[in-house]
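First comes the structure, then the notes that go with it.
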Amino acid sequence: MFSVATRALRRPAMARTFLAAGSSASVHTLPDLPYPYNALEPYISEEIMTLHHKKHHQTYVTGLNAAEEAYTKSTSVKEQITLQAALKFNGGGHINHSLFWKNLAPAAQDGGKLDNGPLKSAIERDFGSVEEFKKTFNAKTAAIQGSGWGWVGYNAATKKLEIVTTANQDPLTTHTPIIGVDIWEHYLNAIWNVINFKEAEKRLAEVAK
């Protein structure tokens with residue numbers, strides 16, 4: 001239901017929220033990290049990356065598969081409606097984390113490096129400066145109570161980058177996600193050293209045509 005094909009990762013969608021009863025659900029799997037677990041040190045530890053990927057993300061994958069299977073087998077509309085919460089939570093967690101891993105890159109591989117180009121120009125246009133952008137992002141996301149996500153999203157209506165937040169594992173559906181940060185990490189300053197700005201710029205280029 002919650003496809004993590006390339007297009008879905010560029011713009012997480014809830015288009016297939018309702019599965020037809022009796023239809024077969026695809027089996028979702030935990031994606032490999034594009035770098036070793038210790039590659040983001042000293043900014044994010046190997047221990048944290050291993051826990052976050054192998055335990056937390058795997059839990060969402062397992063929960064999503066179970067919820068989809070239960071949904072497809074159910075013939076009760078009431079039960080199908082009840083299952084929507086599990087589908088949204090686990091499906092959102094799977095989508096968000098699949099995007100998040102690609103949002104990061106080791107410092108030795110240009111992580112944290114924002115070169116002159118369309119993304120930097122858009123950030124300076126919409127936030128005044130790169131430093132002001134980071135400051136605003138950190139302030140807005142730090143205000144999240146409990147778990148949630150901080151996003152740099154592209155608003156198709158205004159054609160601008162905006163900073164938005166979502167609670168828990170809710171996916172970003174009002175904007176196209178350019179950068180997403182799981183606030184569970186609590187690395188709002190250090191994480192900028194390992195943000196994959198090249199990946200973010202690719203996402204921006206795909207939607208800001």
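Quick reminder: no glycine exception, Cβ is built from N, Cα and C everywhere.
Predicted, not measured: the structure shown is a model, and the values here were computed from it.
The domain 'Manganese/iron superoxide dismutase N-terminal' annotation in TrEMBL covers 28-105.
Sequence annotations record features per position, and here TrEMBL assigns Mn(2+) binding site to HIS52, HIS97, ASP182, HIS186.
Here TrEMBL flags 116-203 as domain 'Manganese/iron superoxide dismutase C-terminal'.
Over the domain 'Manganese/iron superoxide dismutase N-terminal' (28-105) the predicted model carries a mean pLDDT of 96. Comparing the binding-site residues HIS52, HIS97 by how many other C-beta atoms lie within 10 angstroms of each C-beta, the top residue is HIS97.
Sorting the domain 'Manganese/iron superoxide dismutase C-terminal' (116-203) by DSSP state (H, G, I as helix; E, B as strand; all else coil) yields 37 helix, 24 strand, 27 coil. Around ASP182 (Mn(2+) binding site), the same-chain residues at least 6 positions away in sequence with a Cβ under 8 Å from its Cβ are HIS52, ASN96, HIS97, PHE100, TRP149. Applying DSSP to the domain 'Manganese/iron superoxide dismutase N-terminal' (28-105) sorts its residues as follows: 54 helix, 1 strand, 23 coil.
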